[in-house]
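Per TrEMBL, these features apply:
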DOMAIN    7-121  domain 'Tetrahydrofolate dehydrogenase/cyclohydrolase catalytic'
DOMAIN    141-278  domain 'Tetrahydrofolate dehydrogenase/cyclohydrolase NAD(P)-binding'
BINDING   GLY166, ARG167, SER168  NADP(+) binding site
Amino acid sequence: MKEPLLLDGREVSKSIKGQLKGTIDSLTKEGIVPKLVTILVGDNPSSHTYVQMKANACSKIGMESERIFLPTETTTEELLQTIRQLNEDETVHGILLQHPVPSHIDERQAFDTIALEKDVDGVTSHGFGSTAFQLNAYPCCTPAAIMEMIDFYNIDVEGKHAVVIGRSPILGKPVSMMLLNRNATVTISHSRTENLEQMVSQADIVVAAVGKPKFVKGEWLKEGAVVLDAGYNKGNIGDCDYETCYNRASAITPVPGGVGPVTIATLLRNTVLAAQQKAMMREVSHT
Ligand SMILES: Nc1nc(=O)c2c([nH]1)NC[C@@H]1CN(c3ccc(C(=O)N[C@@H](CCC(=O)O)C(=O)O)cc3)C=[N+]21
């Protein structure tokens, strides 16, 4: 049995962050410190961990960040107010509304209230459309992370059959568009898909984005499939059953240490790009 290639997200993340340092330094010298604001509504403990990790990553690389915590009872209108204030705040370059929000809140409306130039998480409808049409937009962070993994390890996408499991607005749907834009043949499967196992067994590339721990079993996979696990379930457990998938895959992302760390790196990069864009606009207006 040939061992699969381990797609090491910490390595990829390090490489992305390394490329950002110079830009952050020169922006800081110009008096612009890239700043990310995260908004967390409610008290989901894993969401708390994620926004903490994002803040830590910012401070470690020399960026600023702020975390806003809103109570579970927050109304959609109150959340929109918070977002609008951040849109107006000149010191803020990126806004991330942590998904999911409590069910009484209109998440789509909240996402779409984020100013396009601050949508570093690629969650607005406009951001999605621009990604799909390959126009200028900050890509959604986890989908972008998956594509970074593919590129870093030179995984062949063109003409391959990619089966995406999951169709969420910030993961399954956008990553499907990105893979399509790279000339993969994409099947988007989800909770209502019939014969899912059979579908997965035809995949050259499997992207697991369902949010069900150890859902994808090694037996489902075609021998030599590439497995990209974007799951982040409680206890740091991915959507793939790692042990059995490991035995069938030609390449696989571990959880932890796979897509997760790269997601944070792509978020930092989008925020730095937003700050850089802002600096450029400032220069233009001064000339
Ligand atoms: N608007 C929005 N944007 C997001 O990008 C977003 C979100 N909402 N909601 C939640 C998910 C989850 N997510 C993760 C990011 C990093 C790790 C990560 O780095 N995990 C580490 C381990 C975590 C640990 O050490 O506890 C790893 O996989 O190695 C995981 C999950 C971003 N999300």
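Backbone N, Cα and C define each Cβ position, glycine as well.
Cβ environment of SER168 (NADP(+) binding site): ALA209, GLY211 lie under 8 Å away, each six or more residues apart in the same chain. Listed in chain order, the extra residues whose Cβ falls within 8 Å of the Cβ center of the NADP(+) site residues GLY166, ARG167, SER168 are VAL164, ILE165, PRO169, LEU171, GLY172, LYS173, ILE188, HIS190, ALA209, VAL210. Taken together, the residues in the domain 'Tetrahydrofolate dehydrogenase/cyclohydrolase catalytic' (7-121) have a mean pLDDT of 97 on the 0 to 100 scale. For the binding-site residues GLY166, ARG167, the largest tally of other C-beta atoms within 10 A is found at GLY166. Shown for the domain 'Tetrahydrofolate dehydrogenase/cyclohydrolase catalytic' (7-121): DSSP residue counts in helix, strand and coil, namely 61 helix, 18 strand, 36 coil.
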